[in-house]
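For reference, the structure is listed below as structure tokens.
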Amino acid sequence: MDPQPPPPAQGSPPHRDRGRGRGRGRGRGRGRGRGRGGAGAPRAPLPCPTCGRLFRFPYYLSRHRLSHSGLRPHACPLCPKAFRRPAHLSRHLRGHGPQPPLRCAACPRTFPEPAQLRRHLAQEHAGSEVDLSTQRAVKEEPEASWGPQDEGVEQPATVVVAGAEEEATTQWPAGDSAPAAVPTSTDPRESEAKEAEAGAAELRAELALAAGRQEEKQVLLQADWTLLCLRCREAFATKGELKAHPCLRPEGEQEGEGGPPPRPKRHQCSICLKAFARPWSLSRHRLVHSTDRPFVCPDCGLAFRLASYLRQHRRVHGPLSLLAPLPGAGKKDDKASGGRNSGKGPEGGEGAECGGASEGGEGGHNGGDATPARPPAGEPRFWCPECGKGFRRRAHLRQHGVTHSGARPFQCVRCQREFKRLADLARHAQVHAGGPAPHPCPRCPRRFSRAYSLLRHQRCHRAELERAELERAAALQELQTQASQSPQPPQPLKQEAEGLPLPIAHIKEEPPSPGTPPQSPPAPPVFLSASCFDSQDHSAFEMEDEEMDSKAHLCGLGGLAS
């Protein structure tokens, strides 16, 4: 017989209950020890003064404060992207072509990412007893302490352990002992102070680096309206060619080094000869040369080329104007744009109602799976951190951000005046342009170089226009009163004045003289049929009147009627 286990002692719970009770007791005791302020007591959270987010360590708080500064001092040398932290930049650089791979110690396979290597070790070599350390195939530069007197001595190799992605251990040659480890302090207060000091130093360094980066003048608008690159002294006719110029790209992003090559521009406009890489871009560009603006705002009367422009404009009038449907909402607008904006958010698409109204007319308040409500239209959603000015679109905020930077890279070649935007420089160049101004006033001989200057000038003629309108209304009223007071003399019929035969309806019957036999009624004209009299249809007489009037008119023009 199998030996049975001894019964539990009297008064003691079974094994399972005893284990559970022990676990619960340990957990409660450990928690009580922490709460009493022992060595493992929780630290007070550190709030961010800008957004109120809580952090456990000062270093994390100092690193988080970089996100509110908007600075990205670590720029990628291969593309225009920039990052706030060096770790993010190093992780981004792995996607730019071949990087030194990680070799597996158990097989000849290599992996570009440490996470992929760890996954490979867990799946392929989980049950085998192999050295799970892997070595990265990187040619490390010798340190400063490794001088020429140490030639022929084996140098240490940097080995990446599979269990940690960022940590590295140093293997020293056999027979040599590793340098003695520096004793580290175990006081948590000293470690917190060091972390806070390191975070503050990193923050100051990044702020100083970002403040020292100043943009220098790169582009000059010449007298012949060409854009001159000040680095290589090459001129360009359009802004697009200037942007594609290698000198204005970030360092390292030259042809064949970083990023895909630019797409060739095969679609050219036949009017202005501007080229585009995609056909829908050319179709959308052709609307610039068209004067047709079929989409009219029902609130202010402004007209637009595309329905998406009208929807964007109607946000200015507030949320009530967005409830009314657009004119021609059932049509699929922006056909020229190739449907790029169709059905993708409030900037484009077929629907015209606010809030994603359905075709059934239920509107955007049908509940259920409705999208979350957007902020009220007409109110700013993006605020400038420098001056507090609000904008409705993020693009407007980016354009406004140029005003707070001291860089003025665009300079006028005639008066040496500097500007922050290329559009401001082009508008200023109209001052030096020869010939008359392109915007004349229809009321006076003055001309203006800018359209908004003409609109501002036309306010001077507002009183003159109102006076002319009052005079015109008074003259019209006087003519109406004169016409009502003086009776008009009876005018002879047009047929009598021109000597044409009168129609039958206008012939007056003379009474017969006494003694004359009664005459039979005259025969009907040839063009009439018996059916006209039977059905009492008098349209034939009206047709005859119209024919006679047209013949008389042709006779008056020179006898063209045959």
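Heads up, the Cβ atoms here are built off N, Cα and C, so glycines get one too.
Here the candidates are ARG94, ARG266, ARG340, and Swiss-Prot annotates ARG94 as omega-N-methylarginine.
Residue density at SER486 (phosphoserine): 8 other Cβ atoms are found within 10 A of its Cβ, drawing on all protein chains shown.
Mapped onto DSSP helix, strand and coil, the zinc finger (74-96) counts 8 helix, 4 strand, 11 coil. Mean pLDDT, taken over the zinc finger (102-125), works out to 79 on the 0 to 100 scale.
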